[in-house]
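Student: As annotated by TrEMBL, Mg(2+) binding site applies to E66, D83, I85, D86, D205.
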Amino acid sequence: MESKFEFAKELVKKAGQYILDHMQEDLRVETKSSPTDLVTRLDKEVQELLVGEILSRYPEDKICAEEGCLRASVQEGKVWVIDPIDGTNNFVAQQEDFAVMVAYFENGQGQFGLIYDVVKGDCYHGGGEFPVCLNDRPLAPFKAKPLGDFLIAGNSSMLETNEWGLADLSRAVLGVRVYGSAAISFAKILSGRLLTYVTYLQPWDYAAASILGESLGYRVVTLSGQPLDFQTRQAVMMLPLEMQEEIQSYIYERKRT
C-alpha cells in the first residue's frame with residue numbers, strides 16, 4: 001500500500017503542475033447542468049492525465065471520476081475516486097482556491113485520500129494506515145471548544161433559505177464562510193480552521209475528505225441520516241465526532257424561513 005500511496009502523492013503534484021503550466025491558455029469554458037456549473041478543457045485534460053497514469057501503473061484498478069462516465073462503485077474491488085479540479089468556478093474566475101482530489105478504496109474501505117491546493121502547493125494526504133499530514137507536517141486531531149468559538153462553511157443558497165436548519169446553526173457559531181470549493185473547505189476543517197462544512201456534494205467531492213477526516217476525529221455524514229452512497233449527489237456535512245450531537249441538533253429537514 002505504501003508504494004501506491006507514494007505514487008498518488010506524486011500524481012496529484014504532477015496534475016497540479018500541468019494546471020499551472022496551462023492555466024493562462026484558452027480554457028474553453030462550458031456549462032454542464034446549469035450556468036454556474038462550469039467545466040474547462042483543463043478539467044477534462046487533467047482527468048485524462050490522472051486516469052491514464054493510474055491505469056498504466058495499475059491496469060486492474062477501477063475509476064470513479066467527475067467528468068465523463070467513469071462511475072465504478074467503491075464497494076467492489078480497488079477503486080480510485082477522482083476530482084480533477086474541485087472549485088472550477090474559482091479556477092475560472094480567480095485562478096486560486098481550487099484543488100485536485102484523489103481517494104483510494106479497496107472493497108469499500110478508504111485506504112488514503114489526497115487534497116492538493118494547486119496554487120499554494122499544499123498537499124493534505126494520509127488516512128487509513130498513514131498519518132494525515134499537510135505536506136510533511138502531521139495534523140493534530142480535533143480539539144473541542146465552545147460552539148460559538150468556531151467558524152463554519154456552507155452553501156450560500158442553503159444558508160439564505162435555512163435549508164436543513166443551516167441558518168439556525170450559523171447563528172450559534174462565530175461566523176460562516178463560503179469558499180466555493182469543497183476541497184478548500186475540507187482542508188480548512190482538517191487544519192483546525194473550520195468546525196464543519198454543509199452542502200450538496202457528489203462522491204468525488206467528498207471521498208478524499210471522508211478518509212482523511214476519520215484519522216483526525218471527523219466524519220462525513222448525510223444530513224438525512226442515511227449512509228453515504230458514493231453514487232449520487234447528497235446533502236452532506238463534515239463534522240467532528242466529539243461535537244456531532246450538538247451540531248446536528250440544529251439540523252432538520254428542509255425548513256425554510
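Each residue, glycine too, has its Cβ placed from N, Cα and C.
Since the structure is predicted, the reported quantities are computational estimates derived from the model, not experimental observations.
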Student: Can you tell me how many other Cβ atoms are located within 10 Å of the Cβ belonging to D86 (Mg(2+) binding site)?
Tutor: 28
Student: Would you mind pulling the DSSP three-state label for I85 (Mg(2+) binding site)?
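Tutor: DSSP call for I85 (Mg(2+) binding site): strand.
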Student: In the same chain, which residues outside the set E66, D83, I85, D86, D205 have their CB within 8 A of the centroid of the CB atoms that define the Mg(2+) site?
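Tutor: Surrounding the site, in chain order, are I82, P84, G87, T88, A99, M101, A182, A183, Q202, W204.
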Student: How many other Cβ atoms sit within 10 Å of the Cβ of E66 (Mg(2+) binding site)?
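Tutor: Total other Cβ atoms inside 10 Å, all chains included: 22.
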Student: Where does E66 (Mg(2+) binding site) sit by DSSP, helix, strand or coil?
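Tutor: It is coil.
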Student: To which of the binding-site residues D83, D205 does the lowest count of other Cβ atoms within 10 Å belong?
Tutor: D205
Student: Which secondary structure state does DSSP assign to D205 (Mg(2+) binding site), in the simple three-class scheme?
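Tutor: In three-state terms, D205 (Mg(2+) binding site) counts as helix.
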